[in-house]
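Novice: Please read through the structure below; I'll follow up with questions.
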């Protein structure tokens, strides 16, 4: 009897957290859109947008909103892929970069920047595209390395990802040693990430893959829940494992590839956001996936806000902020796990 | 309901199972016995469809296992494995509710799914554990929650790999009594057991495996001959009778 009485409470914790995050995201977006050299009070933003005459209108629509929306998109994609990868690898410390996408994208970008110096004019459009393709190729390579006879061992996938990350890192290092100062600055943007390149056209170009991967990944919650018990058990519960793994990796590669192509490799959000949601609400993927989308977007917008206001007028790379805040959080998590394991 | 036709399973040059055949009707509890490495768990993996036999075929409800999709199978049979590790700290209730997943493949969640979960937890006497985190439960408590998950799946065939593992004597007996009760309601149960006497008490028939082949298949009375058990287990046995009239064996170390 006790169980039926207390059940709704357990479920409402998920609902409450999702509701809270759903309310917080628009508020954070308004706060970030209002902050900067030209300050606009967040509560005035709807009015400014409505009247369209204020000089603030131009600031909001041409600079702030593209940037904040890019932060929302990248954060959401990274956090959602992180949650899915952690579920797929059955490891809470998995990161979306594990399947090689980020490294491949960075390598693609590095090749473009350093080895094709004449292509500067094409940079705005071609660079994200090359990075995107690089990310997908790297994931394909990892997948091919890990599959044998139509099956993919998740552990081998992990190891192949680590190997490919190391290889890509070495190749990027090789390119860096040949780069000019100017090229180095571009490269740094890629390895640390940042939203300063945001424009409406960039957003429009990345929207299709972003929306497709978001939609596809959000539908994976049930097989991910089954996988919590193990691969055999997931099969016993009706999950068709190989197609599911293919779908999860392909969609995550698409999501991370899109995020990295548009904003460079912003670290830690993909790792931390799902964790934070598990701490706030719980591990059920049906709630964790949408929760990670919201939380990733919030964290990303806040990190960007700090990145461009903390040392104004200079700007920190977003990746530096997320890592500065994310690393201690990660260490705290490790300590917690250590305590729990020792118990 | 379930039919194994000349099942063989080979990994490399090793024959894990060879020519295993038997049939099982609804309402029956079949115990699978044998020493370590006899092929009991392998047999269960073939019966569940997790592995394809190297030769032979498993038939379930008049259809070859390979003709079913994973979801169709999950609606007909559920499997209790011995694995007890969870990658994320789900509560006991959430774990039991996972048994409803195959039902939710093509429809939304109804109150009926939660009723089935609560009922299953009641059956295995695990409802008091509902809100505890699964990883913090004791081995026996985890076993009962897992069994509840398998029951919440509401299959017609239960495949159990040592369901009495980690359980105290009372819960061991209760789990097997539950199997009997489910069989009376029309389920079929295949259970791997190590305890010969529990098998003798609760199984309609037992399948004795040794080195991947069937040594004997029949009622416990028919199968439990001391010479045969000695040949399989490498240990002399004495045979007496349980008060219920069932055979009762004990090893003479």
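Think of each number as a place in line: the chain as shown, counted from 1.
In case you wondered, yes, glycine gets a Cβ from its N, Cα and C as well.
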Novice: Which of these ranges is annotated transmembrane segment in TrEMBL: A:40-62, A:63-85?
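Specialist: That would be A:63-85, per the transmembrane segment entry in TrEMBL.
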Novice: Sort out the residues at least 6 away from either end of the transmembrane segment (A:249-276), same chain, that have Cβ-Cβ distances under 8 Å to it, and list them.
Specialist: 70-71, 73-75, 77-86, 88, 92-97, 99, 101-102, 105-106, 109, 128-129, 131-132, 135-136, 139, 143, 157, 189-195, 197-198, 202-203, 206, 209-210, 212-214, 216-217, 220, 288, 292, 295-296, 299-300, 303, 317-319, 322-323, 325-327, 329-330, 333
Novice: Let me spell it out: take the transmembrane segment (A:197-218), skip the flanking residues so only those 6+ beyond its ends count, and list any with a Cβ under 8 Å from a Cβ in it.
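Specialist: That would be 66-67, 69-71, 73, 76-77, 80-81, 84, 124-125, 128, 132, 189, 247-248, 251-252, 254-255, 257-259, 261-263, 289-290, 293.
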Novice: If we skip the immediate neighbours and take only residues 6+ beyond the ends of the transmembrane segment (A:288-306), which ones have a Cβ under 8 Å from one of its Cβ atoms?
Specialist: 14, 17-18, 21-22, 24-25, 28-29, 31-32, 35, 67-68, 71-80, 82-84, 195, 214, 217-218, 220-221, 224, 266, 269-270, 272-274, 276-278, 280-282, 316, 318, 321-322, 325
Novice: In terms of Cβ proximity under 8 Å, which residues at least six beyond the ends of the transmembrane segment (A:157-177) contact it?
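Specialist: Tertiary neighbours of the transmembrane segment (A:157-177) are 89, 91, 94, 97-100, 103-104, 106-107, 110-111, 113-115, 138, 141-143, 145-146, 184, 187, 191, 249.
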